[in-house]
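Quick notes on the structure that follows.
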């Protein structure tokens, strides 16, 4: 079993901060509810209730939606509510048996947050009221050992841990925004009932859109069928062999090639001797989305949880049916850019559910979930990643619970290999990547700072690449990298019009950095860097790729973890051959 390192400790710290903030917000809401009930009571009744204190108690409950073989208990502070009266009045039961009648809410209640505060377990987002459906409709959840089901306005959160969880982060009043990150406020301005909103009695705060922050935005019209010009997209044409000849990097001799073969065989034997179960951390989180969820809600769920993909659960088939990734959302954005139904792409995305939207766009998708099992050795699991050209491979416990235990990645496999190897093949790891011929050098695609964002999105979709370097048109030096992970940052906006996608890509990323502290994306290496140093840098920075540059910071190539893993598991591919 591999024990998690700094990455899990950092995530735990983030979750603890969220829990503290949510606990404070719940206390504030409870006090406001108590004050509201006092204002509705007659004076004599208020005195009889003992100052109008509402009863709060610890209640050990077993959720009715939990599988019959599972018993999960949680301690929660609750206030008894009864909404069955004919006048739509809210009736609160007090500790002395009195009923407090409150007028019906005139303000629409916000949807719950997508994120559960629990760190450990499987989080399933399952919509029961995406289209305003009410009632006691039972949801079929993915089978787990222990399921904790929290019923809220629009969806269920199913968490396999028995830890108490709060998930009303998004339902707090913005009067308390002085102690809250303003970026966690209103996500969408759509009037739909399933829209996540934040309400206030005085004013409504909306995160500014890209167009409102642009000083040079002249694309105010709705560009339905804009012709996409690729004139600002270029390709690095000089191959690695020519670059090595110019810089004096030596070719691999027969003795070095022997060390390479021996080192690669050591790595292969190590991976064949360990299973996926060995890589699964002690604690972790897997987010699962129901196929009935609205596309917009799925988009928000990925951003809220800081992930790039999630398995899809079909409640009718009682099985996992695939993955939804940021690549899918790129195709969705491009679809609504060309065929907008309104001036807000996010509003358009709320129309379709995940299960029906793929019929609207002609995108090739796997017919079933590509997965592996805990008993599969890491060599076979890595081969699946490389064969299907995917970045994430779910590890499914098909024998017992049919639940997803972990999402395996190139980074996780390489990190486990580097940390757990008893004796690393240092001779192989000390060879420069330029000599090994790892990476893409002859066909590196780059864009300019003024390239429209929509052209970059089309490039990522057409070329099936995960990132593209951004080059300054004056200096020809790299200034940034646009990756697929940047796509989810768009969900932080309240409105995204089709014309916003016409903005220059560098301007968009600068806005993201100013508003939402977008993490640094430029991680580089050179052809002279050793293979071991490159692997360590990717793992430490938690990035999938490095941009290979020369001494003047001009792009020469791209080196990804997929390239490294493919090189280690296959025949020698030096530039001599």
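Each residue, glycine too, has its Cβ placed from N, Cα and C.
Per Swiss-Prot, the features are as follows:
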COMPBIAS  58-88  compositional bias 'Low complexity'
COMPBIAS  106-121  compositional bias 'Polar residues'
COMPBIAS  138-155  compositional bias 'Polar residues'
COMPBIAS  165-226  compositional bias 'Low complexity'
DOMAIN    279-341  domain 'CBS 1'
DOMAIN    364-426  domain 'CBS 2'
DOMAIN    438-499  domain 'CBS 3'
DOMAIN    517-574  domain 'CBS 4'
REGION    45-226  region 'Disordered'
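When Cβ distances are compared across the two stretches, the domain 'CBS 1' (279-341) makes contact with the domain 'CBS 3' (438-499), since 3 or more pairs at least 6 residues apart fall below 8 angstroms. The average pLDDT computed over the domain 'CBS 3' (438-499) stands at 90. Under DSSP, residues within the domain 'CBS 4' (517-574) fall into helix, strand and coil as 20 helix, 14 strand, 24 coil.
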